[in-house]
Amino acid sequence: MPAAALLDDFLAFTLAGDAPAERDGACAGGAVRWQWLGDGLLAFEPAATDAAARASVLVSAGVHGDETAPIELLSMLARDLVAGALPLACRLLVVLGNVPAMRAGERYLDDDLNRLFSGRHAQVPASREAPRAAQLEAAASAFFGAAPAGSARWHIDMHTAIRASVFEQFALLPHTGTPPTRAMVEWLGDARIAAVLLHTAKGNTYSHFTAEHCGALACTLELGKVRPFGQNDLTRFAPADRAVRKLVSGGRAEGGATLPRVFTVIDQITKQSDALELFVAADVANFTAFTRGTVLAQDGDYRYTVKHDEERIVFPNPTVKPGLRAGLLVVDTTRDTLAALV
């Protein structure tokens, strides 16, 4: 397949399962070099040689194959870079995550890809997602491993959620053992992200892998509801899209943006068995608040009761496999977190 098809429509090319006749070249009138690294992996770099202070930015979507809006936004970003409509001021790796699931219109085929990073894919060798997790780890490691010493490293992993949310667009920051950075929180404010969830334990997500193993400022963005390809109102994603484009092009963030509210994970509901009962409505919104003493779950001898004056539930899902998380409980820590930004 001619490389022009890849560069004109990265999404359509990837869904078709083709490989380009040429795997690298120049675009944007010679100002940008591109390289196809494999299915759903497209790297860009300015042709100019002043690389010493150049940031390295990984932007991903489609880690869940049915989360189409961010995939469409990322394909448009690549198209505009190729055409020279968007200047490039960084090393950039564009990643479409779970390509087989995208083609099938499914969240995943065998296992949730966003639970298979940091080597966990080795525990499920028969899973059709396992090789992709290993490939994405290797691509991120190689990309950030080639970054100029001391330069900024970013990973923005874009998703949409299965359920509604009290805060329509929110972010999750992986646990790294250090406080969130002011750079990340201010960027999230510029993206008009209303809330940030801070993890307090290591995980197996893509953004956790790049934060821990690649030294990236990493976040997972939840940008709205899951919809089929072509049925998204992309205007609802405009603030986040603008912020990503500014990060890629070296543009300045708007001053005075409201910083997001911050919530910290204080517990989780773990599914012990198929007898798990979640005492919340099937369509309960993420970040719905519950008061002290409310029983939220029961599974045999296990019971989860709200311990703080107010706790909010995020990602409740009783249909996960036993042993996996069936919900997170968070509390508001905005004041303390923003005061401790570094």
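The backbone N, Cα and C atoms fix where each Cβ goes, glycine too.
Marked as active site by Swiss-Prot on the basis of sequence analysis: Glu222. The Cβ of Glu222 (active site) has 25 other Cβ atoms within 10 Å, all protein chains considered.
Taken from Swiss-Prot, the feature Zn(2+) binding site applies to His64, Glu67, His159, supported by sequence analysis. Around the Cβ of His64 (Zn(2+) binding site), the number of neighbouring Cβ atoms within 10 Å comes to 24. For the recorded site, His64 (Zn(2+) binding site), the DSSP three-state label reads coil.
Over all protein chains present, the Cβ of His159 (Zn(2+) binding site) has 25 other Cβ atoms lying within 10 Å. Cα separation, His64 (Zn(2+) binding site) to Glu222 (active site), rounded: 12 Å. The residues near the Zn(2+) site, meaning same-chain residues not in His64, Glu67, His159 whose C-beta sits within 8 angstroms of the mean position of the site's C-beta atoms, are Ala61, Gly62, Val63, Gly65, Asp66, Pro70, Arg107, Asn114, Met158, Thr160, Ala161, Val226, in sequence order. In the three-state DSSP reading, Glu222 (active site) counts as strand.
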